[in-house]
């Protein structure tokens, strides 16, 4: 394709140079001193560029871009280098369905045939959005569950502990602790006061 473009460009410049020359002859105008060198440069430039391209670039062997989506950065690097390509980390993107530290997207796409040593750009997933766990200690369990849902978290395991000093259903402790970071959708385990003699998971 490159060769075709160069040929077409060369023919076009030859036609332009002939037309300009005929115009000067018809009008009997002296040709500017820079006109002929300029025409020569315009004609030869694409020829030289095409020669350099065909000599140094077009003969490079081709390879297939591997599919590295979902791989860790280390795995992706090894797979790309195995395909005789180079790797570049373009940045990070938050993508909930791709584990943190794994490849979320790539350019060029997998399956494309490219020259060896082509750079494959990767976007690395930063995982799910992380949220600080709210302070639920001392709250009624139903209120605590609503607070969790409001920030994108949920209640995890609910366990009871015998306690006659507090009303039944008050949060005594939580895990993770208040202020600790959790991913969106994660559960927060709660220990809840109960006045029943048997300590068991709250249904």
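Using the three backbone atoms N, Cα and C, a Cβ is placed for every residue, glycine included.
Curation does not apply to TrEMBL; its annotations are automatic.
Per TrEMBL, the features are as follows:
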type: DOMAIN; residues: 59-126; note: domain 'PASTA'
type: DOMAIN; residues: 127-194; note: domain 'PASTA'
type: TRANSMEM; residues: 6-27; note: transmembrane segment
type: TRANSMEM; residues: 34-54; note: transmembrane segment
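Averaged across the domain 'PASTA' (127-194), pLDDT in this predicted model comes to 94.
Under DSSP, the residues of the domain 'PASTA' (59-126) split into helix, strand and coil as follows: 10 helix, 28 strand, 30 coil.
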